[in-house]
């Protein structure tokens, strides 16, 4: 089953005794919440994440809370979370609420209205807008093929677990046609970062746009000799370094899953064997 994910979330956290205090990290754009009492005490709240987040990531952020992707506008959801009728204490807030009239949305609207003008005025922004629109279309229209293969079930069980700081999942299918690339595409629709490998600076530069993402490498058969094990380990180790255009070192606290889809087994002279968990197609 595809993983539930979203940017805007509503939550309810039941408790007894004193109301729990909440704290948030840099992944959160905005949060509001209050102590309510209907038949029992609970915290009712709304969270805007900076990037799309899975249900699992949200449960790590708010252990014990019931979470749902918000369906209304940001204003409606925050107003509901801070309604007076059932309030006992609060409300409390964190960060700044982003409304639907943000600059990012206006830029996309401008592109949709007249893409030709933007391509002439600012080709770089036009390319980013086109890429975002195409990705949204891909996510909406991508169809999962055979998702009942045994290796895919094993892989899903692994990525449902809390990511370890060390283990790398290596999906090995020597013949081709096992569905590795299709699975990698499906992971894109769930917010994963997709790459076919390459130069470390180039891949890291793309990744640091959102360095909280899980990563799937879809390595072509002809890249076996040039597989960049240093890049794979760098992303897994959560210290991301890129010297493309300007030196950037991005340090991350939270562990991620890293999957390598390949037609070949890992070269254990180039990567520690104990880091690799092989899943056979």
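Glycine too: its Cβ is placed from the backbone N, Cα and C atoms.
Taken from Swiss-Prot, the feature domain 'CRESS-DNA virus Rep endonuclease' applies to 3-97, supported by sequence analysis. Taking the domain 'CRESS-DNA virus Rep endonuclease' (3-97) as a whole, pLDDT averages 85 in the prediction.
A Cβ distance under 8 Å defines the sequence-distant neighbours of the motif 'RCR-1' (10-13), meaning residues of its chain 6+ beyond its ends; these are 20, 33, 42-47, 58, 62, 64-70, 77, 80-81. The motif 'RCR-1' annotation in Swiss-Prot covers 10-13.
Sequence-distant neighbours of residue 36 (divalent metal cation binding site): residues of the same chain at least 6 apart with a C-beta under 8 Å from its C-beta are 42, 43, 44, 86, 87, 88. Positions annotated as divalent metal cation binding site by Swiss-Prot: 36, 42, 85.
Annotation source Swiss-Prot lists motif 'Nuclear localization signal' at 51-71 (among others), citing sequence analysis.
According to DSSP, the secondary structure content of the motif 'RCR-3' (80-83) in residues is 2 helix, 0 strand, 2 coil. The motif 'RCR-3' annotation in Swiss-Prot covers 80-83 and rests on sequence analysis.
What Swiss-Prot lists as motif 'Nuclear localization signal' is 97-103 (among others), and the listing cites sequence analysis.
The Cβ neighbour count for residue 173 (ATP binding site), using a 10 Å radius and every protein chain shown, is 17. Reduced to three states, the DSSP call for residue 173 (ATP binding site) is coil. Annotation comment: Swiss-Prot describes 173, 174, 175, 176, 177, 178, 179, 180, 181 as ATP binding site, evidence class similarity to another entry.
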By Cβ count within 10 Å, point out the most packed of the binding-site residues listed: 85, 179.
179
Other than 36, 42, 85, which residues of the chain come within 8 Å of the divalent metal cation site, judged by Cβ distance to the Cβ centroid of those residues?
34, 35, 37, 38, 44, 83, 86, 87, 88
Restricting to the chain of residue 181 (ATP binding site) and a gap of 6 or more, list residues whose Cβ falls under 8 Å of its Cβ, or answer none.
218, 261
Where residue 36 (divalent metal cation binding site) falls in three-state DSSP terms:
strand
What Cα-Cα separation, expressed in whole Å, is found between residue 85 (divalent metal cation binding site) and residue 177 (ATP binding site)?
58
